[in-house]
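For Asn116, Arg117, His213, Thr214, Tyr215, Asp284, the entry in TrEMBL reads beta-D-galactose binding site. The active site, proton donor feature in TrEMBL is assigned to His213. Per TrEMBL, the feature active site, proton acceptor maps to Glu350.
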Amino acid sequence: MQRKVQYVVAFAGLAVLVHLLRRTMSEKISIQEPEQQVVPKRRFRRHSSGREAYLWKLSNKNGMQVEITDYGGTIVSVTVPDGSGGLRDVVLGFDSVADYEKKSPFFGCITGRCANRIAKGTFEIDHQQYQTAVNNGPNALHGGVKGFDKVFWSVEELGKSCLRMSYVSADMEEGYPGELTISVTYTLNDANQLQIDYAATTDKATVVNLTNHTYWNLHGQPDSCLDHVVQLFADRYTPVDDTLIPSGELAPVENTPFDFRTPTAIGERINEADRQLQLGHGYDHNWCLNKSGPGALDLAAVVTEPSSGLALKVYTTEPGVQLYTGNFLDGSFKGKRGLTVPHRAAFCLETQHYPDSIHHQGEKEWPTVVLRPEQRFMSTTIYEINCRAQTIA
């Protein structure tokens, strides 16, 4: 009888020990594998290829939200507090991927392999001549007929406020040499800053110039942007010919309608009888930014909307920025919420290497757009949106 009691006690002790070991293991596992934070996403309807597109939503503690789709790596919406207790979406876009596919004038997308224009779509690297797809009069624009804005990107969630998109562009895609591997990382922080980090490598010498083509209107609707007040930190710009290819001159902005060194409304001089404004049908030009050093992250532009006090600041490591004032928007299509998109309904600030830089390689003060296998392309741009009184110096 005594031996039986000893067995029962021993068995009970073993059971307790097993229980404690299981609990300890469970606690260790829970410590080693914390709950993963997931970026909310939803369907964005179906592309004509049959592939389903998705929207991911980044958010911060202030109520700012940024929606991005895997089609074109496109920023679809940027919703911000307006300073009076409301929210407003301050970028143009569409309500489905089908509209982006059919009629988007580069709304919110990643543009590449070479953003902006290449004269006649031709260039030479290492004595080899290349012909890229021509899609803007006689020139190549934003990567060609099927640029990075018209492909699906792979998406990796890096936290509740961070997405990395990647794409591999095949050798000779749209006429560009080399297999190019690209990643674009979007990060939203609690200072209301949307940071975009670009990186790329290649297995053959090629041309690379990447940017984001978001159309901004701080009113929160697609109406005239001409009352927006712009300041650009640039003493020079690149005048263009009648096909909007830079002439090669880095011209001073002083005493021209291109002098935005002090805050000036977009509409104040846009209709002046200036040859450059006539060629661009308004502003569609590159400004050469005043840089503190090569690759430095500097303040490039500040835009304010007078009625609300909303302010957009743009910081970039890039040497140039293209101010485009929606000159070719004509009211022929509807955007989000079924609203017609009229002439000059928004502006773009496209951070970049200068347009057609490939034809000015080796010239003083022109940036190189040639990427070689031993190099890595890296670029950062930050868009910060706050009420004017809350902006960060």
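Here the Cβ of each residue, glycine as well, is placed from N, Cα and C on the backbone.
Location within the structure of each feature annotated in TrEMBL.
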residue : record                        : contacts (Cβ under 8 Å, 6+ apart)
Asn116  : beta-D-galactose binding site : Leu141, His142, Asn209, Thr211, Asn286, Gln322, Glu350, Gln352, Pro355, Asp356
Arg117  : beta-D-galactose binding site : Asn136, Asn139, Ala140, Leu141, Thr243, Leu244, Ile245, Pro355, Asp356
His213  : beta-D-galactose binding site : Phe106, Phe107, Gly108, Cys109, Ile110, Thr111, Ala115, His142, Asp149, Cys348, Glu350
Thr214  : beta-D-galactose binding site : Ile75, Val78, Val91, Phe107, Gly108, Cys348, Tyr383
Tyr215  : beta-D-galactose binding site : Val91, Leu92, Gly93, Phe107, Gly108, Gly326, Ala345, Ala346, Phe347, Cys348
Asp284  : beta-D-galactose binding site : Val240, Leu244, Gln322, Leu323, Tyr324, Thr325, Asn327
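The residue listed as 'active site, proton acceptor' has a Cβ environment of 24 other Cβ atoms inside 10 Å.
Here beta-D-galactose is bound by Asn116, Arg117, His213, Thr214, Tyr215, Asp284 per the record. The longest Cα to Cα distance in that group is 18 Å.
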